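Scroll down for the structure; my scribbles are underneath it.
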Ligand code: UP5
Ligand code: MG
């Protein structure tokens, strides 16, 4: 861009010249060091004496922008144009501590930048959360859960297939006015919903005892929670038993990150042969596509390999209430209630 006035043009030209001379001095001083190979020195001087041409397509080339804009005095000091004149004699080497002087401004700039960043992060930590922040999170940041654990209590209910999760949840609903959300039931309802785009996918996963992709299940649970909360606007607190979920670590992370952090996990512990007996018995009348010997085997394997690590994860966090699910349902219920009150009190 052309300078606006002759004075400005002169100032710009002299600034460029000063910068160019400084650059030249440094380059020359480096080339003069004994450890620089003579052939490198020769190559450097031949480069500086020829105009650079950058090829584009066949037969087309252009001169670099700096060369096109160089005023005559500027090109003289650098010898980048006019090819025939010999390179000027090198100026005397700069003082030895030049590199040290150049180094410190960078250190100061980096130190200032880092402390500014740390200050900013610390200040933001104390700021209240943005109430308008949605589950998608601000500009790719960490999302905020839809529901706050201060007025929504979520308890995950885990245990092998047939351990009695559904049976026990039904009892706890009466004791503590929980809303019972069975992930399996929600998936089966979605599978049967006319026009559902996930119907066939859910059917295939359930039949094979595999875990439906978490996006589907997390969305179904979140919708069901919203519906329940909307249906009880008068309630100050909402309690949910989330039955048969999370069955995989990614589900656990996702749910806690975008829906609501869980308060604790109820884990019904039951040997496989007991669960198998219950499921085979139920299969006579349940009509469930996965209550058959082959699907049950697959469900057991998936539970051990994929869902037990979730239980272990929450155990390590001290959030698991483990209940022996082998006795009769009433006995299991009594034990659950006692342990739950021990851990949370009556009013949680
Ligand atoms: N029964 C219960 N308790 C008893 C007791 N103490 N003594 C004697 N009998 C008892 O009970 C099962 C049977 O046992 C019943 O007949 C009951 O009377 C009797 P139930 O309470 O239904 O046990 P539950 O643990 O709920 O067994 P369920 O079959 O529901 O467990 P699953 O975890 O296998 O089933 P779920 O419906 O949760 O999931 C099904 C499939 O959905 C999964 O395999 C998976 O494919 C899919 N899914 C996902 O992909 N993602 C999810 O997040 C959740 C499910
Ligand atoms: Mg169940």
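Every residue, even glycine, has its Cβ placed from backbone N, Cα and C.
Which of 151-181, 182-212 counts as region 'NMPbind' depends on TrEMBL, and there it is 182-212. Binding of ATP is attributed by TrEMBL to 162, 163, 164, 165, 166, 167, 282, and within the candidate set 246, 309, 327 the record adds 327 to that site.
Checked against TrEMBL, the range among 270-280, 281-291, 292-302, 314-324 recorded as region 'LID' is 281-291. Taking the Cβ of residue 299 (ribonucleoside 5'-phosphate binding site) as centre and 10 Å as the limit, one finds 23 other Cβ atoms among all the protein chains shown. When the region 'NMPbind' (182-212) is classified with DSSP, helix, strand and coil residues number 19 helix, 1 strand, 11 coil. The binding-site residues considered are 162, 164, 244, 246, 327; of these, 327 has the fewest other C-beta atoms within 10 angstroms of its C-beta. Taking a Cβ distance under 6 Å to any atom of ligand 1 as the criterion, the binding-site residues 164, 188, 299 reduce to 164, 299.
Within the set of binding-site residues (167, 251), the lowest number of other Cβ atoms found within 10 Å of a Cβ is recorded at 167. Summarising the ribonucleoside 5'-phosphate site geometry, the residues cited as binding it (188, 210, 211, 212, 244, 245, 246, 247, 251, 288, 299) extend over a maximum Cα to Cα distance of 24 Å.
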